[in-house]
Amino acid sequence: FNMESDSFEDFWKGEDLSNYSYSSALPPFLLDASPCEPESLEINKYFVVIIYALVFLLSLLGNSLVILVILYSRVGRSVTDVYLLNLALADLLFALTLPIWAASKVNGWIFGTFLCKVVSLLKEVNFYSGILLLACISVDRYLAIVHATRTLTQKRYLVKFICLSIWGLSLLLALPVLLFRRTIYPSNVSPVCYEDMGNNTANWRMLLRILPQSFGFIVPLLIMLFCYGFTLRTLFKAHMGQKHRAMRVIFAVVLIFLLCWLPYNLVLLADTLMRTQVIQETCERRNHINQALDATEILGILHSCLNPLIYAFIGQKFCHGLLKILAIHGLISKDSLPKDSRPSFVGSSSGHT
């Protein structure tokens, strides 16, 4: 394909983009190989809309409660609480964009270029900041449990600097989306929100494909496996009273992370290898990859509403904190509060939850 001899809009002619929405996958019109006729065995768009709506409601409720409980527990707030606060905020911001993405599944992108840039930016920032914060939590628990180091991690200014750095790095990594996203109006199909990078669109998009796979999955995953691996080893050797509970939380963190993001990133890796000619591309493989990307992306979206369940609802401290808030506002009796409840719903930065 020669971008210099054809205009960007001409390149969209004849393509079936009526059901295309935001994805890091490359759409069928950017294939370097011979054109393939896309199969119609795609995920029902109304089913996807229902999933988006459920994730939106669960994420909005769960992450709002997490933020509320952490903000109320100022006295006993731990380092892990600060990370969880930022994680919940990132997931909440992403959840607010889901109704727009759901509407675009049905009607195409009808919201203009400004919202195209804004909601795409929020989705990218959530992707990067969320996983980077998960990695920071694993490092914090590793230092506290394996090395019994709390002096460094308990310095408030350092924790704030780390969180601000994560948000800054996430914005930097998402900057290309803000710069190059716009509403595209193909002929005879619904408009889409996608990148327009001029003559080098295909090459730039391949570069941007590598960024989320590296910074957004591989590196944080290696950090989490390393930290949680040594943390579990230490817990097995030490006879701590809350060892089994800590192990359950850690296993839940790693397991849910892998279940949500590993399938999508494996398919994304296969797609990248195919587009770089490492794996021979056929029409059958291309259609299978496109269908797998659509299906596994839903798992990644589900992760935003599962985080409150992993980090909060599994532990008793969150429930205690929520009960305290209800008691303060007179919604329940103070007699129902546990006597040994603590303000921080994760206990301490050690991760013994």
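Positions of Cβ are set from backbone N, Cα and C atoms, glycine also.
Summarising the annotation, Swiss-Prot assigns topological domain 'Extracellular' to 1-45, 103-117, 181-205, 271-291 and lists sequence analysis as the type of evidence. Residues annotated as N-linked glycosylation site in Swiss-Prot, with sequence analysis given as evidence: ASN19. Under the heading transmembrane segment, Swiss-Prot lists 46-72, 82-102, 118-139, 161-180, 206-228, 249-270, 292-312. The topological domain 'Cytoplasmic' annotation in Swiss-Prot covers 73-81, 140-160, 229-248, 313-353 and rests on sequence analysis. Swiss-Prot lists CYS116-CYS193 with the feature disulfide bond.
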Verify whether three or more Cβ pairs under 8 angstroms connect the transmembrane segment (249-270) with the transmembrane segment (161-180), leaving out any pair fewer than 6 apart in sequence. no
For the topological domain 'Extracellular' (103-117), how many residues does DSSP put in helix, in strand and in coil? 11 helix, 0 strand, 4 coil
Over the topological domain 'Extracellular' (181-205), what does the predicted model average in pLDDT? 76
What residues elsewhere in the chain lie close to the transmembrane segment (46-72), defined as a C-beta under 8 angstroms and at least 6 residues from its ends? 81-82, 84-85, 88-89, 91-92, 94-96, 98-99, 101-102, 105-106, 298, 301-302, 304-305, 307-309, 311-313, 318, 321-322, 324-325, 328, 343, 345
Where among 82-102, 118-139, 206-228, 249-270 do we find the most Cβ pairs under 8 Å to the transmembrane segment (292-312)? 249-270
DSSP-wise, what's the residue breakdown of the topological domain 'Extracellular' (271-291) into helix, strand and coil? 14 helix, 0 strand, 7 coil
Positions whose Cβ lies under 8 angstroms from the transmembrane segment (206-228), at least six residues beyond its ends: 24, 26, 124, 127-128, 131-132, 134-135, 138-139, 141-142, 173, 176-177, 195, 250, 253-254, 257-258, 261, 265, 268-269, 272, 275-276
